[in-house]
Amino acid sequence: MTKSYSESGLMGEPQPQGPPSWTDECLSSQDEDHEADKKEDELEAMNAEEDSLRNGGDEEDEDEDLEEEDEEEEEDDQKPKRRGPKKKKMTKARLERFKLRRMKANARERNRMHGLNAALDNLRKVVPCYSKTQKLSKIETLRLAKNYIWALSEILRSGKSPDLVSFVQTLCKGLSQPTTNLVAGCLQLNPRTFLPEQNPDMPPHLPTASASFPVHPYSYQSPGLPSPPYGTMDSSHVFQVKPPPHAYSATLEPFFESPLTDCTSPSFDGPLSPPLSINGNFSFKHEPSAEFEKNYAFTMHYPAATLAGPQSHGSIFSGATAPRCEIPIDNIMSFDSHSHHERVMSAQLNAIFHD
């Protein structure tokens, strides 16, 4: 039995090898490319090492800086983020610049405050509120200056000089009680004559300017020692005195009967009430008695020889050379109830002003 050609070829005879296929060629070309890339990488690494040796430690420093920045960024990421610009490190130069800027700013602020205080002092000399012992605050000075400008503008607009009471009411609008008393004392006017019926500065239980007070029948002649305007308890009494020389005397001259002239010691005319205090120096003494009454005594710092009182009260001033004397008020005036007496004394204390 014979075998076919195909079977014999498949089974026993080896096939002849042909030329290399295209796949083998591709694999060999890829190997050559890899070898060339490796050589190029080695050359680049050698060149980089040579450059690093030439440049010294510059790259190392840069790497360290980059590492530090990376560490700081990591720390910042861990900490809560702050709003606004980042804080720079405070070097000596920056610290000196900061101190210099702070010193310049302090000097500018100091000069500004000095100029403001000087301007306010000049304004205090112009406004009608003169006092040797008290100094107006900044806000009170500005308020009084505003009222003074408004009052003068009203006079110029109307062309008529208003009465003294309305002029002082315009000046004292919105001012505190001490400043009102100073203005009234400067214009020689009783503060009770222009206070409104319900003054917000005064407590409601105190009597107003329209209230009637008992006036004692005794009158003291003291030409050398003035009695304060609140001692007379008369709301219509205006002292005919000459105010101290000042810059605003010419403006206020139409409000007085006689022209204002410079004088050192003002003269008081007419019968005055007994002096209750001088410059607001009070000395109260509490002496309990069987009727639970209080005896108040006023201490005055002037010789008793200068007081010329009626003969019926000659026993009050004992000793011509004694520098201090006490006047019991219970011997001069009496009140029906203790509460009314306290209200009168509180009203007198509220009306104190210093000349």
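Numbers run from 1 along the shown chain.
Positions of Cβ are set from backbone N, Cα and C atoms, glycine also.
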From 51-57, 86-92, 310-316, the residue range that Swiss-Prot assigns the feature motif 'Nuclear localization signal': 86-92
S161 (phosphoserine): tally of other CB atoms within 10 A of its CB: 12
